[in-house]
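Report on one structure; see the data block that follows.
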Amino acid sequence: DEDSDDGTTRDLRAIPLPMALKRAVNFGGGVQSYFLFLRFLVVLNFFSFLLIAGFVIIPSIVFRSVGFIEYTYLFYGYYNNTMVEGMNFSYNIPLAYLSTAAFYLLFCLVCIIAMGTTARVVVATGDSSEGNYSMLVFTGWDFGSNGNQATKLKQQNIYYRLQVDLEEEMIKKKSSALTQRQKVCLYSARVVLFTLTLGFIGAALTGIFFATNFSQGLLYEYLPSIVITGANFIVPLLNDQIAPFEQYSPSVTVVLALLAVVLRLVSLVILLYTLWRQITCDETPDECALCCWETRVGQEMYKLTLFDLIVNIAVLMLVEFPRRMIVDNWHNKLTQWVGRQEFVVPYNVLGLVYGQTVVWTGAFFCPLLPLINTFKFIILFYTKRITLFSNCRPAVKTFRSTTSSFFFSGILLLGLTLASVVMIYSVAIHPSMACGPFRFLTSMWDVVPKSISKLSQTTREFLFFLGSQSFSIPLFVLSLILCYIVALATVYKKSVTLLKTQLKLDKQFLVRQIGRL
Amino acid sequence: MGNKQTIFTAQQLDAYQVSDHVYSILFYRYRDLAPQLVPLDYTNNPDVKLPYELIGSMPELKDNPFRQRIAEVFSEDGEGNMTLNDFLDMFSVLSEMAPRDLKAYYAFKIYDFNNDDFICKSDLEKTLNKLTRNELTEEEVRMVCEKVLDEADLDNDGRLSLDDFQHMILRAPEFLSTFHIRI
């Protein structure tokens with residue numbers, strides 16, 4: 001199970017940040033995948049920033065025209081709406097802005113798919129859960145590990161891993177032994193608790209909705225961010241308390257927890273929805289009070305990002321450290337029951353995906369956001385590492401790391417889709433007239449036809465041909481199929497080599513057995 | 001090396017097939033455990049045995065829950081008191097150079113607590129308790145032992161023979177890296 005982490009370490013091509021990732025394994029294999037995932041995101045954001053800087057920010061700085069010095073590069077509102085001329089060439093800033101945004105999303109898509117396919121696919125390489133126990137017992141102990149502390153941690157790790165598997169077995173046995181009456185009780189309890197969870201989520205979302213509508217004045221500017229981050233923090237905690245009563249097996253509980261935490265993405269959707277309502281109001285422009293809506297959206301995303309970081313650090317300092325101090329120094333029943341903080345991988349991963357989705361949504365309106373996010377994730381990396389080693393105990397329910405990379409890519413793709421939808425929508429609607437590179441155009445997309453019409457006739461015809469339905473759609477479908485086949489072929493090749501080795505060993509064994517008869 | 005001159009015969013070196021460099025490192029580690037007992041001159045194969053307590057106090061072994069079994073398996077007298085040959089054997093099998101089959105053979109002997117050439121249920125229970133520091137309940141220990149025998153016992157005699165063990169180990173990619181002590 002845990003050897004898949006070694007595979008992921010070798011496959012991820014990332015700049016190594018100085019960190020003893022090996023130690024993290026003692027807290028459960030999923031923890032190591034969390035940190036690897038975080039490292040991947042840092043690199044992704046950094047390269048995205050380089051992309052944006054190269055094509056949008058630096059040309060804007062170089063070819064700056066006077067009069068806009070009071071705005072900052074942070075937000076969309078700043079950027080030039082014209083072609084800028086300098087030296088012997090002209091640089092079409094609006095076109096650059098739009099195409100960079102499109103390439104940025106495509107680039108992220110490619111990176112995510114690359115990360116996902118280099119992960120081990122459990123299904124194709126056969127049943128890897130076979131031989132779990134014997135492997136663990138006979139090869140689980142690292143004879144090279146030194147030191148009392150490392151030994152104790154390793155023993156605890158093995159203990160917890162065995163426990164996870166055993167717990168699943170025992171629950172399976174128990175659930176098949178329930179009487180009719182007990183089953184009825186259990187199912188009705190599940191229904192009640194599910195409705196309660198939905199109720200909590202609904203209340204949180206309505207709160208977000210009202211907070212966004214209410215945030216017109218300067219005082220209430222941070223209200224949506226506060227409510228969202230608050231809801232994100234509280235609802236999973238409540239869910240965590242409820243889950244034991246529902247008596248699902250650990251794997252199912254983890255999946256349910258993940259689903260419940262998809263709330264994070266939904267809360268973002270609600271925020272966007274309320275903003276959208278404010279943008280597309282039917283009254284006259286004066287009453288809408290949003291003369292530069294793109295900057296407003298960019299600002300909201302920027303605030304969300306910052307707030308997320310602030311809350312994470314605040315939780316660390318105000319909750320986790322004190323909790324450890326209290327639990328370690330006071331020994332009574334209450335502290336025993338509460339216990340030290342557990343580093344629960346699913347929630348932390350979803351926090352990362354949420355943060356990344358916010359950045360993707362906001363990057364179009366706030367080009368420096370990927371850079372800010374790079375720093376945010378670096379800070380998060382080190383703070384989480386500190387809290388892991390100082391405050392946490394190994395997770396009781398270990399998150400199976402074999403499928404984790406695959407799974408992380410999946411939810412990341414979901415976030416990317418949400419961001420793409422937002423971007424496509426923004427491109428299609430009427431941009432604001434007072435700011436940004438696309439003012440005076442009916443829609444952002446218009447800049448593309450206009451630029452194309454300035455090219456020569458042959459180039460135009462060639463581009464039209466490429467863009468026509470008869471060419472691009474088959475090409476797109478073909479390339480998707482090709483990618484899929486290539487990915488499948490690599491995985492099958494690996495499993496074929498593995499099966500061949502196993503076959504050889506089985507033959508040797510049988511020959512020896514025959515020899516003994 | 002300074003003025004510490006050690007004298008080994010070529011024959012002694014050949015027997016172990018480790019490099020001179022490794023051989024001398026191991027010799028000095030052995031000697032450091034009890035300098036007054038171990039002579040520098042080994043050409044006459046002196047009969048020197050270090051008691052288990054000294055071996056078990058080495059930093060590489062002192063926290064290992066299996067240190068006693070390791071010492072017993074590699075010692076001539078079966079009680080953990082090791083001669084230089086035993087010591088060299090131990091660290092060369094546990095080094096990264098040793099072949100997988102050899103390691104599997106010795107791992108099997110280590111886990112075979114009652115030395116009956118089979119890993120039976122009681123051996124498994126002892127192994128589990130050492131692995132988890134006695135934290136598992138009896139019920140859990142029993143379940144894990146059953147599962148292990150289910151998975152690895154191919155001739156269905158309720159215990160693991162060397163063949164069963166080797167067959168199972170050969171499927172484990174991380175065995176070579178975990179059954180390894182760096183000195």
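Glycine is no exception: its Cβ is also placed from the backbone N, Cα and C atoms.
The annotation transmembrane segment is assigned in TrEMBL to A:34-54 (among others).
What TrEMBL lists as transmembrane segment is A:91-115 (among others).
Residues annotated as transmembrane segment in TrEMBL: A:191-210 (among others).
Per TrEMBL, the feature transmembrane segment maps to A:251-276 (among others).
Annotation source TrEMBL lists domain 'TMC' at A:292-401.
Taken from TrEMBL, the feature transmembrane segment covers A:358-383 (among others). Packing against the transmembrane segment (A:358-383) from elsewhere in the chain are residues 17, 19, 35, 38-39, 41-42, 45-46, 48-49, 52-53, 56-57, 73-76, 79, 101, 104-105, 108, 268, 272, 294-295, 297-302, 304-306, 308-309, 312-313, 316, 352, 415-416, 418-420, 422-423, 426: each is 6 or more residues past its ends and has a CB under 8 Å from a CB in it.
The transmembrane segment annotation in TrEMBL covers A:404-428 (among others). Only residues 6 or more beyond the boundaries of the transmembrane segment (A:404-428), in the same chain, are considered here, and those with a CB under 8 A from a CB of the stretch are 8, 30, 33, 36-37, 98, 101, 105, 108-109, 112-113, 115-116, 118-121, 265, 268-269, 272, 294, 297, 345, 349-350, 353-354, 356-357, 360-361, 363-365, 443-445.
As annotated by TrEMBL, transmembrane segment applies to A:471-492 (among others).
The average pLDDT computed for the domain 'TMC' (A:292-401) is 78.
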